[in-house]
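Under the heading domain 'G-protein coupled receptors family 1 profile', TrEMBL lists 39-290. The transmembrane segment feature in TrEMBL is assigned to 20-46, 58-84, 90-117, 138-162, 194-219, 240-260, 272-292.
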Amino acid sequence: NSSDLSPPFFILASIPGLEAAHFWMAIFLCSMYILAVTGNCVVLIIVKMEPSLHAPMYFFLCMLATIDLALSTSTVPRVLSFYWFNTREISFGACLVQMFLIHTLSAIESTVLLAMAMDRYVAICHPLRHAAILTNAATVKIGLVAMARGVLFFLPLPLLLLPLPFCRSRMLSHSFCLHQDVMNLACANTTPSMVYGLTAILLVMGLDAILICLSYVLILKSVLRLASWKERLKVFSTCVAHICVVLAFYVPLIGLSVVHRFGKDLAPLVRIIMGNIYILVPAVLNPIIYGVRTKQIQRRILNLIHISND
């Protein structure tokens, strides 16, 4: 009937046999979420308070923190509601909105990571032109382009799914909505949606990853021209935090993609863990990485702790 063809809701995935552990899993996820929110808010506050951090690299870091806050907030509260209160149903419209936010914010984050790589390239390979190329106005424009790029590339994903009939199982394989997961439940030809989704990912995340690697090849060539190993390590150490953040973003993304495309026979626990890692781990690690690697951020954090203790 019509209700079967246009489902009013989907059912979020639980882990078979571990339903009794949902309460404790939710406590762990909630702790991670609180850590992510706290860490990213601290980064935003410190960059605003510290004049020496009013530079393109740290403006990009603020964009990254904002994206991580939005991405985790668009998913984790709904997951916690499911684990704590067993609200397994998510409406069709809410699922499409959540799916759009996850993919769009991930695309924006990928673009910002590329911009940060370009910032490192210009700072190391063309230091005299860095201030002229990456001005505050240019940084704002890059942020707007990143946002527009994410929205334009991934807005068609929910629009392509909207008219499809759904007459199969309504059970998702994650505790939140992803494009391929929802698409697989449709009982019509999903080739256009599948082809567009793969093309969008390749043109955004795939292209960004290639350009980031290319920028580091050029950086490495420039660093190796320096006279001593001490100078080389000193210059390249300015890239360590960004490399770690790139790995924290792309490794879970690639892992989740591999699980979706080649891991159909894997246990549900693997898919759910990979999904939660993709959503939460970058948001938790990014402020920690930059907090460890940036002396100004460390100093401000210590000052805040000292003031609070007084």
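Heads up, the Cβ atoms here are built off N, Cα and C, so glycines get one too.
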_Counting a contact as 3 or more Cβ pairs under 8 Å, with residues at least 6 apart in sequence, do the transmembrane segment (58-84) and the transmembrane segment (194-219) touch?_
no
*How about the transmembrane segment (194-219) and the transmembrane segment (272-292): do they have 3 or more C-beta pairs under 8 A, pairs 6 or more apart in sequence?*
no
*List, by number or range, the same-chain residues at least 6 past the transmembrane segment (138-162) whose CB is under 8 A from its CB atoms?*
56, 59-60, 63, 96-97, 99-100, 103-108, 111-112, 115, 179, 182-183, 186, 192-193, 196-197, 200, 203-204
*Report, as numbers and ranges, every residue of the chain located at least six residues beyond the transmembrane segment (272-292) whose Cβ falls under 8 Å of a Cβ in that stretch; write 'none' if there are none.*
13, 15, 29, 32-33, 35-36, 39-40, 42-43, 61, 64-65, 68-69, 71-72, 75-76, 79, 102, 109, 173-176, 178, 241, 244-245, 248-249, 252-253, 255-256, 259, 298, 301
_Remote residues contacting the transmembrane segment (90-117) - C-beta distance under 8 A, at least 6 residues beyond either end_ = 6-12, 57, 60-61, 63-64, 67-68, 70-71, 74-75, 78, 142-143, 145-147, 149-151, 153-155, 157-158, 161-162, 176-179, 182, 200, 204-205, 208-209, 211-212, 215-216, 242, 245-246, 249, 253, 279, 282
*Same chain, outside the transmembrane segment (240-260) by at least 6, Cβ under 8 Å from its Cβ: which residues?*
64, 106, 109-110, 113, 116-117, 120, 178, 180-181, 201, 205, 209, 212, 216, 266, 270-271, 274-275, 277-278, 281-282, 285-286, 289-290, 292-294
